[in-house]
Amino acid sequence: MPLFKLTGQGKQIDDAMRSFAEKVFASEVKDEGGRHEISPFDVDEICPISLREMQAHIFHMENLSMSMDGRRKRRFQGRKTVNLSIPQSETSSTKLSHIEEFISSSPTYESVPDFQRVQITGDYASGVTVEDFEVVCKGLYRALCIREKYMQKSFQRFPKTPSKYLRNIDGEALVAIESFYPVFTPPPKKGEDPFRREDLPANLGYHLKMKGGVIYIYPDEAAASRDEPKPYPYPNLDDFLDDMNFLLALIAQGPVKTYTHRRLKFLSSKFQVHQMLNEMDELKELKNNPHRDFYNCRKVDTHIHAAACMNQKHLLRFIKKSYHIDADRVVYSTKEKNLTLKELFAQLNMHPYDLTVDSLDVHAGRQTFQRFDKFNDKYNPVGASELRDLYLKTDNYINGEYFATIIKEVGADLVDAKYQHAEPRLSIYGRSPDEWSKLSSWFVGNRIYCPNMTWMIQVPRIYDVFRSKNFLPHFGKMLENIFLPVFEATINPQTHPDLSVFLKHITGFDSVDDESKHSGHMFSSKSPKPEEWTMENNPSYTYYAYYMYANIMVLNCLRKERGMNTFLFRPHCGEAGALTHLMTAFMIADNISHGLNLKKSPVLQYLFFLAQIPIAMSPLSNNSLFLEYAKNPFLDFLQKGLMISLSTDDPMQFHFTKEPLMEEYAIAAQVFKLSTCDMCEVARNSVLQCGISHEEKAKFLGNNYLEEGPVGNDIRRTNVAQIRMAYRYETWCYELNLIAEGLKSTE
């Protein structure tokens, strides 16, 4: 596995660096001395470094450089212009025409109409000195190497283009990265049963043992007693903490903040100029594209919770329908007796006929803004937990039959719409080891299959609740309950047939809860191991994320070996809370949901752009909970070129129509004045981001969708203009090339 060679000096984080990282963390989460270290600005017009400090810093550095050997400065003479070298893919028909006097060359593509490019000449150090520019480039280069390492170890996605630049910087040949891609279950063939069990693999006979919060795999029990695990790439906590401390220090460095802030401003301004020059040409491309428009290009709801995947009217209609059909059916059990549906409503002093969407009270309103606790109460129809247990739970007296029926109806609506897909989340809490068997029995028993749905597992971060009630002895037990059954079903599928079939339909894991809840714990080498975490306090976000990633990494290696589908780590991140959440996600998450707090860190925002980390944004959800719609950074991120998609989060709480995803697109298009090309680009991003199979993506996006840039875009399927794809790709390569040029100057 081609991991990356960092110098000894770069690899070892000295005591001063670790101390600085801890100080930065303390100022971020405890508000010590303000929050300016990591979070330099909230409004993008404010420069992260004050003008006086920056002028003094540059003056000092220039004076310092004058007294040094002038060879380095001479190397920069004549380097005022940069020639953009776009790495060529094997299937690309791109040819580059070299233009000496311009920063970026103008590539010509066979499938891209001529369009007007923005070209800028002059110095490109973006407000920092030559010496600082070299430091910035080294830091950004190492940050990208860190992400690439963790993505490849866990069979998650890292784009080809940055890999090519990183290998060019290393002076190494690019290894085909397709072998590191995740594997998703292809759709069943016509007439094939999606719940078939005949092809389950045989038992491997491996032995499993959790050690330090991570499940280790042994060939047999004898090897386990000798502590000789199979040679999988197990996680190294010390390396992770060193990388984390490096990133903490990087995002707090003044020159890095200034450079990235100015590059982001440039990206935003450049896109606006591009739109002024080429908007009509993009529209002309779309008008000449037959049988394809925004309505019939594929779009995926990349972030939606199964328990709220229906709108409030749908839920109300189902409650009334179930009462009409099953009034005398026993549906609920209390300690005293079993209740029919009629008796249950009588006990609640209500009649379904009298219910309205207002009395159902599941919609988020003004009262939920900045009140996540009140938002969670909205999952209880009419404020009654009994109705939530009956209609929105998988484990109840009727074995989740009503919930399964609602989900099937939502799936049927998606099939009718044809071009909309969803990735609902089902919950595993880690309270007991039999949760997986119950959930898989519910899924397979009710035959919950929809060609327009793929599934994910969400793990709520509520260890503190379980520990306070003495359900769990320590955090390690929670991790064991979450992951051990999945390992066992992977090793011996025939003894866990339902779970093995269920796992074929799962594409990833999510980590969910209120991010604004303060932990106060900094994950470090001094942190207790999961087996030693017996206190009632909840571990930090980073602690949760690392141990989820670590187990997913080992699990993916095992499943890849067996020819099974693998899983992505796709947590909620950046909706609220500290910026360390986003820093952790940059290291180990395939993609994230929300990402609002990226607007507070230019360094992380720029890194998310360089690595093209997908972000599922939900402006309507944010509008009810954390951020007013007009202040949502969605448009800003789109203009800069971050890979964003639109999602609904919880249609039951936030939406009104039968097609909540179209409602999300419609409102965003009106508020942000999006063009058709903008919306189709976001829709294409959602398909790339999601966990549907390679075969389906090739059908929806084109056979070359794995290629980046216009070569990988089939306008006949995506309705995204080739001019837009060429602009995005050239701009991305230009920013990566700046880093490469900055590192060349240090040689």
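Including glycine, each Cβ sits where the backbone N, Cα and C put it.
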| note | Note: Swiss-Prot has His303, His305, Asp649 binding Zn(2+), and from His207, His421, His572 that site also includes His572
| Record feature phosphoserine (Swiss-Prot), assigned residue among Ser85, Ser163, Ser511 | Ser85
| Pick from Tyr216, Tyr323, Tyr449, Tyr463: which does Swiss-Prot describe as phosphotyrosine? | Tyr216
| request: Of the residues Thr81, Thr121, Thr340, Thr490, give the one that Swiss-Prot describes as phosphothreonine. | output: Thr81
| Out of Ser441, Ser468, Ser624, which residue gets the phosphoserine annotation in Swiss-Prot? | Ser441
| Rounded to the nearest Å - Cα separation of His594 (active site, proton acceptor) and His572 (Zn(2+) binding site) | 7
| task | Out of Tyr216, Ser441, Asp650, point to the one nearest His303 (Zn(2+) binding site) in space (Cα versus Cα); all of them are recorded positions in the record. | result | Asp650
| Those residues of the chain, 6+ apart, with a Cβ under 8 Å from that of His305 (Zn(2+) binding site) | Pro424, Arg425, Gln458, Asp649, Asp650
| query | Within 8 Å of the Cβ centroid of the Zn(2+) site residues His303, His305, His572, Asp649, which other residues of the same chain have their Cβ? | reply | Ile304, Arg425, Asp510, Val512, Ser593, His594, Ala616, Ser618, Ser621, Ser647, Asp650
| query | Given the recorded positions His303, His594, which one is most crowded in terms of C-beta atoms within 10 angstroms? | reply | His303
